[in-house]
Amino acid sequence: MKDSFLFTSESVTEGHPDKMADQISDAVLDYIIERDQKAKVACETLVSNGFCMITGELKTSVYAPMQEIAREVVKKIGYTDALYGFDYRSAAVLNGVGEQSPDINQGVDREDGEIGAGDQGLMFGYACKETETLMPLPIHLAHQLTFALAQKRKDNTLPFLRPDGKSQVSVRYENNKPVSIDTIVISTQHSPEVSQKHLKEAVIEEIVYKILPKEYLHDNIKFFVNPTGKFVIGGPQGDAGLTGRKIIVDTYGGSCPHGGGAFSGKDPSKVDRSAAYAARYVAKNLVASGVCDKATVQLAYAIGVIEPVSIYVNTHNTSKYSSTELEKCVKSVFKLTPKGIIESLDLLRPIYSLTSAYGHFGRELEEFTWEKTNKAEEIKAFFKR
């Protein structure tokens, strides 16, 4: 008997208010880390109707021109006219950034050269064989749709689109394998002149059908494009945006647990970010090595402590090896101290703006070192001993 179910994931465009906040926070981080690799950065951003507030804590000798950084991000996204709900030229930018607490810093920067974890917490990584990038199919497709919304807007293929938007993809699984697409939801901000009929037809023809893999298509897919009938007011005019509110969009679309820590605006001494990247690196290499078809990896840390307090591997009954054996392999092959993660993944670089929209995982860019499968052979060798 077939075990059949639907699973759904969503994505948002770079013009979504929460993603605007993430991108501003990461742009601040990139500006600082490019000039001061020892900097400690925890940058939070709020965008709302006509203004942006940047806050958080820093430990750096670098002066960051917050107004210029924020305005450039908003301009690049495409909020270049007040009619879109936000304008990079006229929006107020408030700077409320303070200094990092010395109580925290004393546990992170150590005299022996090691780095203690910047906070306690648990982080998850995940990989599976549903796509070439070893990501779950629903979130993979959802990101492709939102990215295409932005590209078709920017290249004027669909000039009536505006920056804010979302996608949602429901996939049918049988015996834990994706077999078809059931439902596509796309909500996109648009100019007031375009008819909903034209918008729906254009989005489906120019974006959806050009993105979706043919093997998952059929005649009964349900399409909902702007199901409320109108989406003119968008961006920060429609909803306030905050850094760190799209943590499921940023990761695996709900396919695995989440430890709760957001990524954007945090330098790699914060294990919320760096250890989540490391957990993806571990999970992806386990699957790429062939020791399992699916892997969920949990790492946990204590503030100021060098080694992880726990490592857990769940292969969802797709491996002949036990969790105990896999944990030993992970400890042997990967460096999972904060310093080990930072060095092995080369994280002290201004790469974070690239991560802040369309997912931190499953995008095989040169800068995304945690997406490499260069540990797969070491994993194979470990189990041949």
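Cβ atoms here come from the backbone N, Cα and C positions, even for glycine.
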Swiss-Prot annotation of region 'Flexible loop' - which of the ranges 100-110, 111-121, 265-275 it falls on: 100-110
Neighbour count (Cβ, 10 Å) for Lys246 (ATP binding site): 25
Residue among the binding-site residues Glu44, Glu57 whose Cβ has the most other Cβ atoms within 10 Å: Glu44
Asp18 (Mg(2+) binding site) CB neighbourhood, other CB atoms within 10 A: 21
Spatially closest candidate among Asp18, Glu44, Glu57, Lys270, the listed binding-site residues, to Lys230 (ATP binding site) (Cα to Cα): Asp18
Residue, out of the binding-site residues His16, Lys230, whose Cβ gathers the largest set of other Cβ atoms within 10 Å: His16
Residues satisfying Cβ distance under 8 Å from Gly165 (ATP binding site), sequence separation of at least 6: Val12, Thr13, Gly15, His16, Thr146, Leu149, Ala150, Ile186, Ser187, Thr188, Gln189, Gly234
Cα proximity to Lys270 (L-methionine binding site), best match among binding-site residues Asp18, Glu44, Asp239, Lys246: Glu44
